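Asker: Can you read through this structure? Questions will come right after.
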Amino acid sequence: MASSTAAVPFLAPPLEQLRHLAEELRSLLPRVRVGEAQETAEEFNREMFWRRLNEAAVKVNGEATVLTTHFSKLPWPSPQETQRICEQVRIAIEEIIIVYYSLPKDQGITLRKLVRNAALDIVDGMAQLLEVLLTAPSQSTENGDLISCNSVSVACQQVPEIPKDNKAAALLMLTKSVDFVKDAHEEMEQAVEECDPYSGLLNDSEDNSDSHSDEDGVLGLPSNRDSYWSEEDQELIIPCLALVRASRASLKKIRILVAENGKKDEVAQLDDIVDISDEISPSVDDLVLSIYPPVCHLTVRISSAKLVSVLIKALEITKASHVSPHPGDSWIPLLINAVDHCMNRIKALTQRAAEL
């Protein structure tokens, strides 16, 4: 005769439930990275979208606090209570992802990337918090320390700061690009002024030169003959520095045009400007790195050509877009001419290396 007593479902111990949830959240990350916007016949309601996203972020932040409060010290909650808490975390995380998917592509790819990155930071932050909590009791971690430093709370608090339209998103990304190139330009200028690109690194190492003189090769430090520019190198650096300066000027001008003339509904053109401008900073970095001794002139030539190609394309895309109401303005042709002049000079100085 079958027992009339209902079977009690088996629940894994709290530790296993948290570990499983962390793995589950990690598995969501690739899906969020490549996820497409949901197709819907309903008209997009921007105000409702941002309200839902902010509310979802607040919910996740609250669940992070609940997790921290219950699992940062022993005794842990029962398996049943752990199951309930984990389910609330799942629901909160799923809501963030669902809201992100509800943002249509026609609102702008740049804006969608910012919202996607925010969602990724939140999911990743929650997974990190779970992983920290798995070891917290044995390390006697204080609740206050966990709450103040867990990255999911930081990510949630950043959600209200996300730009609300594609023009604002484009300006944010262009500002970041300007700042990155500004830093690279200033770093390069300082190295040129000091004529000693490895001054900080080598000064530190020279203090221990007696005991570590044989270790330079192992540590990757440049030997003395490779730590300074030759006369040929210094001559080549001049047009390279001018090219980086032109990159900075171009990005600043593009950002100004977008700020003054950009239209929120011209999302495709704004996305194109941001996409090509995003390539400038990495190309500048490659060029700056290539001029550190020992300098390979062929590498400098290749890095310069790549940067010039990206720069001219960015200027041409900007000139052809709605942010340039007067395409005949002279600043774009002037910048293109300056860039071409730099490249021609670099080609002349690296011709021998190219022929080898």
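The backbone N, Cα and C atoms fix where each Cβ goes, glycine too.
In case it helps, Swiss-Prot gives these features for our protein:
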| type | residues | note |
| --- | --- | --- |
| MOD_RES | A2 | N-acetylalanine |
| REGION | 2-181 | region 'Interaction with TCF3' |
| REGION | 2-205 | region 'Required for interaction with CCND1' |
| REGION | 2-187 | region 'Interaction with RPLP0' |
| REGION | 147-356 | region 'Interaction with TCF3' |
| REGION | 198-224 | region 'Disordered' |
| REGION | 236-356 | region 'Interaction with RPLP0' |
Asker: In this predicted model, what is the average pLDDT of the region 'Interaction with TCF3' (2-181)?
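Answerer: A mean pLDDT of 89 is what the model gives the region 'Interaction with TCF3' (2-181).
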Asker: Using DSSP, how many residues of the region 'Interaction with RPLP0' (236-356) fall into helix, strand and coil, respectively?
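Answerer: The composition, in the requested order, is 96 helix, 0 strand, 25 coil.
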